[in-house]
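Notes to accompany the following structure.
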Amino acid sequence: MANAKRDFINAIILLAFSGFAYFGSTQIPIQGLGKTEADFFPTIVISVLAILSICLLIISMYRMTKEKRMEKVAIRKVIKRNKKVVATFGLFAGYVFLLPYIGYFIASVLFLISLYIVLAPTKNKLGLVILGMIGLILLLYVIFQQALSVFLPPGMFF
Amino acid sequence: MESILLSFEAILNVKTILILFIGVIAGIIVGSIPGFTITMGVALTLPFSFGMEPVNGIALMMGVQVGGSSGGLITACLLGIPGTPSAMATTFDGYPMVKNGQPGKALAIGLWSSFIGSIISGIILIFTAPILAEWALEFGPWEMFALMLFGISAIASLSEGSMLKGLISGSLGIMFALVGSDPLTAVSRFTFGFTELMAGFNFLPVLIGIFAFSQLMDDIRKPPNQLTLDSTAPISYPIFKTIRDLWKSGVNVVRSSLVGTLVGILPAAGGSIANILSYDIAKKFSKQSHEFGKGNKDGLIAAESANNSSIGGSLVPMLSFGIPGDAVTAMMLGALLIHGIQPGPLLMQNQPVLVYGIFISFFLAAILMLVVQSFGIKAFMKINQIPHHLLVPIVLLLCVLGSYAVNNRIFDVWVLLFFGIIGFWMKANKFPLAPFILGIILGPMIEENLRQAISVSADLSLFLTRPLSAVLIVLSIISMGYGIYNNMKNRKKTGEDSLGQ
């Protein structure tokens, strides 16, 4: 069960997002064309989101005073506990960054192998797994490029 | 009549049947792997549907949905672990039946119940959707706005967890839907200088990010139990015995299918609620209620016929009003939009061939599901044993390709990552995802109808003085009231203030 402190942080994040969205809504040009302007509906939605976030903030603060045992939210501990998730996000971001430079084939091979190494508890039959992954990458290349006419990023090599 | 014949022509050809067949197989695989969801399966098949005719694309997703809904049965019966949340009650009697030495009987009864449930809900769908769509044609922007508001508020209040978080999730979804050009004045909003955002976020990377990517990350965080199925165990059971068993429980089959369909029609209440509610009703009506939970076939029949029949039910509001009943139908709606088809009451009038094609593909998917699962159950049991650390990288690669394929641009893959992070954050903090998706899909339509209503008349009281609009707004308030009541009840149960959970 999510504890009150986490919800408190969530409420702060949501309020900050509402503020950011409000700033964005002030940048919308006003045209004076009809009864409602382009910022009409966004203003309503941002207001609703901000009110709901304030509700979450108040409730979480109330719960924080009620909860006797409060779990400490230490970012370092959270990252350590979810290191595989963090590594996957990092690898994924690296993959997307490299995709236009080194192309679909090489980037995908590197991504799949490195992710497998991160996630697999044991590295048995690694050679076989790599071969299988290369086969799959090629198969998907053929399906997308030939059957679905989706031209995958070529990169600097091929 | 001509439209119906044209629909048959569009569906009954080798290509479409093959697409449906692939969809059903993909659905059963996704449905039978704990940790993978039907929504995720549909999100992953969406990219493959672009190059297809709309009717084929929808058929593919229909296959995944029907297959996935029955695929959860395999692990629910054999391991006591529901492959999908909609197979939760299936474990109550399916697993004890297997432990009692009747794996074949459990699978056969579950499978045929799923099939009959699908057929019954399909029949109801055919008769109700056109009537409701015709009625919806009389709706003005006030009624459409109120209807969509009801859809979002109901899904936010009734979805699992806190109502407040459901409402926040829905508002966030609408907020992200506002990025791009204003539909009425074409002024750009929230693009922050990114020209790629002029047309808004593309649905596909958003859907894949929110449902598939975040689910995979959640699986990495909390790996689901690895399966150890005995694929050599005898699992055959004669068809005539299965039919005889179901015949004897005919009332239960029909009642559970009706319950499932009705639950499916309601916004937010999908297969998982249908599955448990129907099981509960069957137990209350049964003369052998004490046998429930110990391997009673009526419990299994109720659970399985209800979860599959909820699919037909969820298609009713989608096809008649353009309002998705759950996350999966929201994705189908998104698929229609990607194909340039505007969902709503006019869909039945403007695209009758497509709508009847959806009906036919639903029935065909049910038949194919029965055939594929009857003959391929052993193969699915083996696929189940592929370790997650091998599946996750492959599915992530599919997510990337699917997102890239929309516009052939890397920007959409970054969008996938962005929404993957949002989805993961929401999941980790127990914000329901379904209202977010409904917000993304319905956001632009809500805005359009609201502004249209105001441009016709600035009198906002019309929302409350027009009878249907007033009823729908009252229903929205009731659904939120029910959400608050439910939260209070849970708070009493857990001893915590679950409103803010």
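Glycine too: its Cβ is placed from the backbone N, Cα and C atoms.
Keep in mind that TrEMBL annotations are predicted by a computer and have not been checked by a curator.
TrEMBL lists transmembrane segment for one of the ranges B:166-184, B:242-260, B:299-317, namely B:166-184. Note: the stretches the transmembrane segment (B:410-426) and the transmembrane segment (B:190-213) are in contact (3+ CB pairs below 8 A, sequence gap of 6 or more). Mean model confidence of the domain 'DUF112' (B:17-438) amounts to 83 (pLDDT, 0 to 100 scale).
Count of Cβ pairs under 8 Å against the transmembrane segment (B:106-133): among B:190-213, B:353-374, B:386-404, B:467-485, the largest is for B:353-374. Contact check: the transmembrane segment (B:12-38) against the transmembrane segment (B:467-485) gives fewer than three Cβ pairs closer than 8 Å, residues 6 or more apart, which falls short of the contact criterion. Most Cβ pairs under 8 Å to the transmembrane segment (B:190-213), among the stretches B:139-159, B:318-341, B:353-374, B:386-404, B:467-485, belong to B:386-404.
The stretch in B:139-159, B:353-374, B:467-485 that contributes the largest number of Cβ pairs under 8 Å to the transmembrane segment (B:318-341) is B:139-159.
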